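Per TrEMBL, the features are as follows:
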DOMAIN    9-223  domain 'ATP-grasp'
BINDING   LYS45, GLY52, ARG53, GLY54, VAL94, GLU99  ATP binding site
BINDING   ASN191, ASP205  Mg(2+) binding site
BINDING   ASN256, GLY313, ILE314, THR315  substrate binding site
Amino acid sequence: MNLHEYQAKQIFSQYGIPIPRGRVAANPAEAKQIAEELGGKVVVKSQVLVGGRGKAGGIRLAKSSQEAEELATLILGMEIKGLPVRKVLVDEAVSIEKEIYLGITNDRSSRKPVLMASAEGGVDIEEVAARTPEKIIKILIDPLLGLREYQSRDVAVSIDLPKPFWRSFISLAESLWRVYRETDATLVEINPLVITKDQRLLALDGKMSIDDNALFRHTDLAEKRDLDIEAPAEIEARKYGLSYIKLDGEIGCMVNGAGLAMATMDIIKLYGGSPANFLDIGGGAGADKVAAALRIILSDANVKAVLINIFGGITRCDEVARGILAAIGEVKPSVPMVVRLVGTNAEEGRRLLADAQMITAETLVEAAQKSVQVAQGGA
Ligand code: GDP
Ligand code: MN
């Protein structure tokens, strides 16, 4: 899960990282009000979860609160890389002497967090990384020892940070490491971290990604999720505790167990079809959950057939059948459905579905073949 700049900066600030004064606004009048409080000279910043907002025209300097209002109107009407701008951050404008890059992420090959820094921070950091990777300093962090002071000092030296800033840089890096560790982040990034003309270190931008699998222990962070940017089907799936990933194919799949779901997708491909989604309803799913899953599958306009492949263990096939019937009653699907029920209460499940005009299959191969056939318009 990615956080917006204003959210990331609020968290940074709680950990003692200096950020500019500012607040988020949802309309131009609010932006004007905030700009007035900040003395007029502000930067108006689109809050969308993509990089390169500056280059796309989504970051603009205003010299007065009047101009802040105008720019907020403009920016709030923009789409940046396909994402509508719903909020702007209005920050006091600062005069920049130097832009630095500072970030921490996971380095998979060394299985450790890595701190990255560069003297050439700012909007062209991707280019710096591609063309002159030696200008990006990397330091591995031992997860048990944490970021050591000498490491941060080495970084300060390597990026030619003037000596008067060393002390504050070291404490800022330590704070960023604490943010990373304590929020279960997979990325924390400040680009640019600036030296201002009046000789302060300030985090001008902020980016954070939190590990979705750790959100259960960060309910305060989970609430910050921006639902605007997520596909409605995925929001719905999360609500019911379903693991759902939309894909590009035409056969909707409802399966229990991630392994069986993957095997089902593979076998669909083997017989010339392609799956419209990955969907694991999980163990012990009741009728409610099954109905939600089917609704989600059928909401995808690409779906030409549905393949339901349930291996009843903890999950009872009669419950699955009841869920299917409930969903069918509601959605009235126009696509053919192939069902394979095996295991606990399979007989009962099949009996319940007997009148529902479904294509049944005994084996996984048969189920896959039939669904590919009907998806491609065959009888
Ligand atoms: P990004 O393009 O999405 O990474 O957005 P940033 O927040 O990093 O802003 C892009 C660039 O705008 C920064 O690298 C700065 O050069 C510039 N910028 C942002 N805030 C200010 C500010 O308060 N004053 C000045 N002069 N420039 C700013
Ligand atoms: Mn940036």
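Heads up, the Cβ atoms here are built off N, Cα and C, so glycines get one too.
Note that TrEMBL annotation is computational and uncurated.
Here the features listed in TrEMBL are placed on the structure.
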residue: LYS45; record: ATP binding site; Cβ neighbours (10 Å): 27
residue: GLY52; record: ATP binding site; Cβ neighbours (10 Å): 12
residue: ARG53; record: ATP binding site; Cβ neighbours (10 Å): 23
residue: GLY54; record: ATP binding site; Cβ neighbours (10 Å): 15
residue: GLU99; record: ATP binding site; Cβ neighbours (10 Å): 20
residue: ASN191; record: Mg(2+) binding site; Cβ neighbours (10 Å): 21
residue: ASP205; record: Mg(2+) binding site; Cβ neighbours (10 Å): 26
residue: ASN256; record: substrate binding site; Cβ neighbours (10 Å): 25
residue: GLY313; record: substrate binding site; Cβ neighbours (10 Å): 13
residue: THR315; record: substrate binding site; Cβ neighbours (10 Å): 23
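Put simply, the two farthest-apart Cα atoms among LYS45, GLY52, ARG53, GLY54, VAL94, GLU99, the recorded binders of ATP, are 20 Å from each other. Excluding ASN256, GLY313, ILE314, THR315, which define the substrate site, the same chain contributes GLY257, GLY283, GLY284, ALA285, ILE310, PHE311, GLY312, ARG316, GLY343, THR344 within 8 Å (Cβ to the Cβ centroid), listed in sequence order.
Take the CB of VAL94 (ATP binding site) and look out to 10 A: across all protein chains shown you find 17 other CB atoms. Taking the Cα atom of each, ASN256 (substrate binding site) and GLY52 (ATP binding site) are about 40 angstrom apart.
Summarising the environment of ILE314 (substrate binding site), the number of other Cβ atoms within 10 Å of its Cβ, over all protein chains shown, is 11. Confidence annotation: the domain 'ATP-grasp' (9-223) carries a mean pLDDT of 96 in the model. Secondary structure at ASN191 (Mg(2+) binding site), taken from DSSP and collapsed to helix, strand or coil, is strand. The Cα of ASN191 (Mg(2+) binding site) lies closest to that of GLU99, out of the binding-site residues LYS45, GLU99, ILE314.
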